[in-house]
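Structure first, then comments.
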Amino acid sequence: MDSDGRVDVVVVGLGPGGEYAAGALAEAGLDVGGVEAELVGGECPYWGCVPSKMMIRAGDLLAEAGRVPALAGTAVVTPDWGRVAGRIRGEATDGWNDRAAVDRLTSKGARLVRGRGRLAGARRVTVGDRTIEARRGVVLAAGTRPRIPAVPGLRETPYWTNRDAMAAKELPASMIVLGGGAIGVELAQVFARFGCAVTVIEGQDRLLSQEEPEAGELAAATLAADGVTVLTGARALDVRHDGTLFSVRTTEDDSGPRRAERLLVAAGRLADLGALGVETAGLDPAARAVATDGQMRAADGLWAVGDLTGRGAFTHVSMYQAQIAVRDILGEPGPDADYRALPRVTFTDPEIGAVGLTERQARERGLRVRTGVLPLDSSTRGWVHGPGSAGFVKLVEDADRGVLVGATSAGPAGGEVLYGLNVAVHAEVPVHRLQHMIYTYPTFHRTVEAALGALR
Ligand SMILES: Cc1cc2nc3c(=O)[nH]c(=O)nc-3n(C[C@H](O)[C@H](O)[C@H](O)COP(=O)(O)OP(=O)(O)OC[C@H]3O[C@@H](n4cnc5c(N)ncnc54)[C@H](O)[C@@H]3O)c2cc1C
Ligand SMILES: NC(=O)c1ccc[n+]([C@@H]2O[C@H](COP(=O)([O-])OP(=O)(O)OC[C@H]3O[C@@H](n4cnc5c(N)ncnc54)[C@H](O)[C@@H]3O)[C@@H](O)[C@H]2O)c1
């Protein structure tokens, strides 16, 4: 930063997208100022992916132990949430301290500016009473915050968001989860597996409503098997808290409100573009997301990456976009962002992985669609695996082009099985070539071969 407070690039928000961009630009020799209001690393390592996956790993172990009697003998397991909470503090978040992430960033040559950044016209950011000018431009990577639905009474209660759930030192005895999307189903399963009585309230007619119907049905069956009460097509009418318990009246309950010790709101996320001053760069502050071109440019001298672009709220999307923005800022040519083969995995047990279009999305685009769906336990590996082998592979083919445009792989390691399908959709490998390759026996992914044979 020169004496006039000028740098080459300012990055606002240092979550996975912003931290990658700031570090890579600094390593390329640019003078980079990274502005962060909270913790360097963002939502994913402290309150999102990493701690939730540590919880899930622990919950899955408990469930696996529960399968021992059917296959291997006896196992006596005593769940202890303290181990999970301890690991999240000790290993994942360092007690919600970003020292290691700051060192990682500054060792690459970027400077950290603590505070809340706001655009103040082209290539200019204010942080408190300080103004930073950017010679090349600004990267917006400020992420999103939880969306709190306008349910009467809700905002006046001490509801939880994902942040409170990740920080929970003690397991609540009971919990209502508002929202049956990715956060809702993952956390409902974990909390239930540790002994919490969980109810999920989902407004759509199925869980994971953005995914294939089969995925929602599997998630519902799985949660039910873990003792979770799932209400779909249910609207919360109002929420109260009496100092001890929450009560939630829903459209599905005639006999009175649901009661629980905690209420977790997992009803999607919102970008707050007004707070970022995007109107000073000619953008709409009321928009749901920052629109960009394929090189992640939002305006002259302004790039945007990550959740606030609305192209998929996933860490891998934010880093993918950041790589493109970095190339563009450095003047290096490269392909536009391509979301055709966007992969995502819901880390329930069984995992539910998906890539590209669902059958419905493909039909809505006017494609002539063929699908193939096979359950995992129709494979030798699924049958050998026994309890815990629920899952399926579903393929969506653009029949005119003879390529897969979408796929779902659910089951044990469903997120890993997804990789081959991700390559097939991304590289547009012809279906007839996929049908004539060799699939290892006995793997879960042999169900892909069977589903290819079932395309109709
Ligand atoms: C419970 C949970 C589980 C998840 N699990 C997964 C998963 O398994 N896999 C996956 O791919 N994704 C997962 N996600 C999503 C993932 O966390 C996000 O997609 C990812 O963190 C987005 O990165 P980002 O860089 O866009 O923004 P963020 O991580 O949100 O970071 C944005 C940063 O900007 C900062 N900031 C905001 N405004 C300002 C400002 N004005 N000035 C300065 N700084 C600012 C914030 O403090 C924050 O540090 C999960 C999310 C949650 C909540
Ligand atoms: N494994 C992963 O990759 C992972 C895990 C967790 C979160 N995430 C990311 O974080 C984002 C946020 O997760 P999320 O679960 O909050 O959002 P989401 O958009 O995945 O799901 C929100 C759900 O809440 C429901 N809903 C909204 N308002 C409601 C209301 N008033 N009553 C009942 N239901 C209501 C919606 O219908 C939807 O099903 C996701 O979009 C996802 O991209 C990813």
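Start at 1 and count along the chain as shown; that gives each residue its number.
From the backbone N, Cα and C atoms, a Cβ is placed for every residue, glycine too.
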Annotated companion of Gly179, Gly180, Gly181, Ala182, Ile183, Gly184, Val185, Glu186, Glu202 at the NAD(+) site, TrEMBL, chosen from Gly109, Gly115, Gly268: Gly268
Candidates Cys49, Cys196 - disulfide partner of Cys44 as recorded in TrEMBL: Cys49
List of residues, in chain order, with Cβ under 8 A from that of Cys49 (disulfide bond) and at least 6 apart: Thr315
Taken over the domain 'Pyridine nucleotide-disulphide oxidoreductase dimerisation' (343-449), the model's mean pLDDT: 97
DSSP residue counts for the domain 'Pyridine nucleotide-disulphide oxidoreductase dimerisation' (343-449), split into helix, strand and coil: 37 helix, 34 strand, 36 coil
Rounded Cα-Cα span from Gly117 (FAD binding site) to Glu202 (NAD(+) binding site), Å: 35
Neighbourhood of Gly179 (NAD(+) binding site) by C-beta distance under 8 A, where only residues 6 or more apart in the same chain count: Val200, Ile201, Glu202, Gly203, Val265, Ala266, Ala267, Gly268
DSSP three-state assignment for Gly117 (FAD binding site): strand
Additional residues surrounding NAD(+), by Cβ distance to the Gly179, Gly180, Gly181, Ala182, Ile183, Gly184, Val185, Glu186, Glu202, Gly268 centre under 8 Å: Val177, Ala188, Val200, Leu207, Leu208, Ala266, Ala267
